[in-house]
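Residues annotated as Fe cation binding site in TrEMBL: 135, 139, 323. Residues annotated as substrate binding site in TrEMBL: 157, 158, 159, 160, 161, 190, 203, 207, 295. Summarising the annotation, TrEMBL assigns domain 'Gcp-like' to 48-329.
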Ligand code: KG4
Ligand code: ZN
């Protein structure tokens, strides 16, 4: 490389912004924000050529949650193998990649830095653009890999770390209408599961048990008078208190009934607030994102209400709902064609807010 990276990138960006684009545009993305090491190659923001995800869940399970230090070390060990696998699966070499995308926040800082360092090294060595992507933008764009998003839309993002209602006027234009003030929906599932002595992550176990129980235990629905914000920590405490009080009185509460009651309380709030936003903003497309999108009751209730109101609903397959790099590559495609590229001094940000600038 005779020229400085900055010069090469400047020339490439001028070309792209003048509309001189050579399709297909292939973006390689890296995602290491939590406990999944993932590398994907996606063409034109939509066609997945490879999406390799290596989950550390079995390692963290024994601790009952993700241990940040352990997660970072596992990313370091795995990243190059996963990168190689993603290239092999797509049958491509790094020379055929147009840009490198990477999640730079929010997430566990040590974990994010592993992916960011790898991404910078490749971008620098190959003289190609580096594109930093917001993790939640990625979750939303998992939908773009399924069907083109129709704007304006509402995205309900529900994962282990996030619960957000996002309004999008167009590509890469995010307005957070509401979010959780304490625990995320998935976090509440995991904590309640723990109180019920179910394995981590608890969401799928509660979902399964709820089908065999009845929602007969009274539990609170928080912040119903507030337009779009959520709160799940009071609900989690109410479950724990109810279990403790019953144990003290030697009463038996069926796990199935508690699971069904808790699930109904969570889903009631999520559905109510999502459709409040849809009606207020006159929206015709609702997209679901994040690990809790796997929840059968949430899917059922959202589908029912969407049909009733003639709103189209997209729910990605489970493999795209949980953390993966393909969703990051999809966001990066739109950033690529708009010239929203990062510099080599890009840093990871643990609590990066979702805004139109990322
Ligand atoms: O998006 P994700 O894979 O990781 C984060 O970025 O947080 O989401 C994981 C979360 C966990 O809290 C897990 O318990 C929850 O998604 N989850 C579910 C279900 N499947 C996974 N929650 C409720 N019902 C499910 N079926
Ligand atoms: Zn996530």
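A Cβ is built for glycine as well, from the same backbone N, Cα and C atoms used for every other residue.
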Of the binding-site residues listed here (135, 139, 323), which is spatially closest to residue 203 (substrate binding site) when Cα positions are compared?
323
When a 10 Å sphere is centred on the Cβ of residue 203 (substrate binding site), how many other Cβ atoms does it contain?
25
Tally every other Cβ atom lying within 10 Å of the Cβ atom of residue 323 (Fe cation binding site).
28
Tell me, if you would, which residue among 135, 139 (binding-site residues) has the fewest other CB atoms within 10 Å in the structure shown?
135
Could you please provide the mean pLDDT value for the domain 'Gcp-like' (48-329)?
95
Where does residue 203 (substrate binding site) sit in the DSSP three-state scheme?
helix
Determine, using Cα-Cα distances only, which of these binding-site residues is closest to residue 157 (substrate binding site): 135, 139, 323.
139
Under DSSP, is residue 323 (Fe cation binding site) helix, strand or coil?
coil
Can you list which of these binding-site residues (157, 159, 323) have a Cβ closer than 6 Å to ligand 2?
159, 323
Other same-chain residues whose Cβ falls within 8 Å of the Cβ centroid of 135, 139, 323, the recorded Fe cation site, in sequence order:
31, 33, 34, 103, 136, 138, 159, 289, 290, 324, 327, 328
For the C-alpha pair, I'd like the distance in angstrom between residue 135 (Fe cation binding site) and residue 161 (substrate binding site), rounded off.
11
For a quick check of understanding: given the listed substrate-binding residues 157, 158, 159, 160, 161, 190, 203, 207, 295, what is the maximum Cα-Cα distance in angstrom, as an integer?
18
Which of these binding-site residues is closest to residue 139 (Fe cation binding site) if you go by CA atoms: 159, 161, 295?
159
Three-state secondary structure, residue 295 (substrate binding site) (per DSSP):
coil
Cα distance (Å, whole number) from residue 159 (substrate binding site) to residue 323 (Fe cation binding site):
9
